[in-house]
Amino acid sequence: MKKHGVLNSEIASVLASLGHTDTIVIADCGLPIPAGVKRIDLAVEIGKPSFLDVLQVVADDMAIEKVTLAEEVINNNVEVNKEIELKLIEPAFEYVCHEQFKEHTKKAKAIIRTGEATPYANVILHAGVIF
């Protein structure tokens, strides 16, 4: 049994398979998941697990070069946007409109669906390198 890091076998496998610039998405329970993209559904009920809890665990285990968010989060979910900026202080941040964000999710290696039920609580994590 693993002692550290992500215990979910699907998430651990996706993280281990990422190459430089590959992307994964951590999403609220309402984000549409495109056909053909791996869905890792963690949602058990509204709010559980939370977007921020899942983001923290994944971020602790992943080299992140860039973060993409929907620009709508700035005004519509101030708390989540602030927490993302506090948790992810090193990567570059990019904001795009929500429609562009959804287009970008089509290229993700996986989308991790949380139980989060607040607006625009979604992030695309772009893999960096550890060297």
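Quick reminder: no glycine exception, Cβ is built from N, Cα and C everywhere.
These features come from Swiss-Prot:
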- His20: active site, proton donor (ACT_SITE)
- Asp28, His98, Tyr120, Ala121, Asn122: substrate binding site (BINDING)
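This view paints the features noted in Swiss-Prot onto the structure.
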{"residue": "His20", "record": "active site, proton donor", "Cβ contacts under 8 Å, 6 or more apart": "Glu65, Ala127, Gly128, Val129"}
{"residue": "Asp28", "record": "substrate binding site", "Cβ contacts under 8 Å, 6 or more apart": "Phe51, Arg113, Thr114, Glu116, Ala117, Thr118, Pro119, Tyr120, Ala121, Asn122"}
{"residue": "His98", "record": "substrate binding site", "Cβ contacts under 8 Å, 6 or more apart": "Ala70, Glu71, Glu72, Tyr120"}
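Take the mean position of the Cβ atoms of Asp28, His98, Tyr120, Ala121, Asn122, the recorded substrate site; other residues of that chain with a Cβ within 8 Å of it are Ala27, Gly30, Leu31, Leu69, Ala70, Glu72, Val73, Asn77, Val80, Phe101, Thr118, Pro119. Among Asp28, His98, Tyr120, Ala121, Asn122, the residues given in the record as binding substrate, the maximal Cα to Cα distance rounds to 13 Å.
Neighbour counts were taken as the number of other C-beta atoms within 10 angstroms of each residue's C-beta; across the binding-site residues Tyr120, Ala121, Asn122, the minimum falls on Tyr120.
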